[in-house]
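S.K.: To start, I am sharing the structure in question, which I have written as C-alpha cells.
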Amino acid sequence: MPKKFRSDDISADSLRLLWLGHMHPFFPFRRSFAFLIINLTACFLMIALAIKGITISYNNDIFFVAECLQTCNLMLHGVGKFLNLYFHRNGLQALLENRSKFWKIDDFKCENIYEDLSGITSTVKRGLRYYYCGALVVIFLFDLQPFATGLLPTGCYVPEGWFKGLTLTLWLLSISFFLIIQSTDGFFCSLSVAIVIQFKLLSHRFKNMHLLYAESERKMWKELKGLVDYHNFLTNYCKQLNAAFAPIFLLQFLVSIVSASVSIFIFMQPGAWSNRIKFVLYYLAIMVETSFYCVPAEIIVNAASEIGNAVSDLDWYKIKINKVKKCFIIILARTQKTMVFTGYGLVNMNLQTFVIYVMTVFSFYTYLNSVRKI
C-alpha cells in the first residue's frame, strides 16, 4: 500500500501520525522493528527506575511511591500498544485493504441518507483533530515539568548525573507516545465510525428494497444475495477488528483503572498543586482514551442491530418464493446474535464498561475521603 492519505478518508489523520511514528501497518518492517526496540528500551529503563524508586521510598514517601507506580502504569501502557501494533501488522493491513470494499458515501448522493452520513464523517474528523490537539497540549505541559518544578515529567529514581539524560529520554518518549498511542485510539475510533456508516448504508438499502419486480424474481434474488453477502462481509470485518484490538481493549481497561486510582490518590494528598494538576490531566486523558474504545464499539453494535429492524419492517413474509423467504429468516436470525467487542472475554468494550470505570473512580475517591475524616 503506497504512502497515501486521502483527504476524504476518515482515518487519514490517524494513519499519518502512525506513519510518522514508524508504526503504520504498511511502514517498512525493519525500520518499524528498530523504532520499536528503541521505544521499548526507553520504556523498560523508566520502569526499572520507577521500581527502584518504589523500593527505596515505600517506608517514608508514599506520594513518591504513587508517582513511581503511575510511571510504571504509563510505560506499560505504551509498551502494550507498541507491541500490539507490531505483532498485529498483518491483521491491521487486512483491515485497511478490505476498506476498499466499503460502499462509497458519494454513491448515495441522490438519497436522503447522504447528508446525515457526510455530517457524521466531517464531525468525527474534526473531533479527532481536536483530540490530537488536546493531547499535544497535555504532553507539552508534562514536558515543561523540569523547567516549572525541577522534576522529571513523571516520577522515578534518578541516579546522580542522570537528570538531563532522563529528561531528554522522556521528551523523546512523549513524542512517540503522541504519534503512536493517541493515533491508535483515533485509528480505532475512525475505523469504527466507518463501519457504522456501512451498517447504516446497508440498513438503508434493506429499507428501500423492492420485494417484487415486474421483470422477474431473479433480479430480486440477485439484489438480496448481494445485500446478504455484504452483511456477512461487515460481520467478518468486525470480527477482524476485534481480533486486532483485543489486547488493547484489555490493556486500556486495566490501565485506566490503575491510572484513575493512583491519580485520585495523589490528588487527595497534600502537596504542590502543579503535581496534583499534572495527574488530574493524566486521568482525564486516560478517561477520554477509554471512551474512544467503549463508545464507538457500542455504536457499532447498535448500528448492526438496525439491520434486523430494517428487515423486520419489510413485508417479506408475504413473499411466495421459499428461497427468498428463507434468506430473510437467516438474516433475522443472524441479527439476533448481539455483536460483542471484547478483550479476550475478560472485558467487553461498551458504555456499561465505561460507566463501571467512572463509578469505580468515584467509589475510590469517596473511600479515600472517608478515610481522611477518620
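Every residue gets a Cβ built from N, Cα and C, even glycine.
Bear in mind that TrEMBL entries carry predicted annotations, made automatically and left uncurated.
Quantities reported herein were computed from a predicted structural model and do not represent experimental measurements.
Below are the features I grabbed from TrEMBL:
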type: TRANSMEM; residues: 33-51; note: transmembrane segment
type: TRANSMEM; residues: 130-149; note: transmembrane segment
type: TRANSMEM; residues: 161-180; note: transmembrane segment
type: TRANSMEM; residues: 187-206; note: transmembrane segment
type: TRANSMEM; residues: 244-268; note: transmembrane segment
type: TRANSMEM; residues: 280-301; note: transmembrane segment
type: TRANSMEM; residues: 349-368; note: transmembrane segment
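Would you situate these features in the structure and describe their surroundings?
M.R.: Sequence-remote contacts of a segment are chain residues at least 6 beyond its ends whose Cβ falls under 8 Å from one of its Cβ atoms, and for the transmembrane segment (130-149) they are 13, 17, 163, 167, 170-171, 174, 177-178, 182-183, 185-186, 272, 274-275, 278, 281-282, 285, 288, 292.
Counting only same-chain residues 6+ beyond the ends of the transmembrane segment (244-268), those with a CB under 8 A from a CB of the stretch are 63, 66-67, 69-70, 73-74, 76-77, 80-81, 83-84, 88, 91-92, 95, 184, 188, 275-276, 279-280, 282-283, 286-287, 289-290, 293, 341-344, 346-347, 349, 353, 357, 360-361, 364-365, 368-369, 372.
Within its own chain, the transmembrane segment (349-368) is flanked in space by residues 249, 253, 256-257, 260-261, 264-265, 268, 283, 287, 290-291, 293-295, 297-298, 301, 341-343, which lie at least six positions past its ends and keep a Cβ under 8 Å from the stretch.
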S.K.: Residues of the same chain, at least six outside the transmembrane segment (161-180), with any C-beta under 8 angstroms of its C-beta?
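M.R.: 17-18, 20-21, 23, 39, 42-43, 45-46, 49, 78, 81-82, 85, 132, 135-136, 139, 142-143, 146, 152-154.
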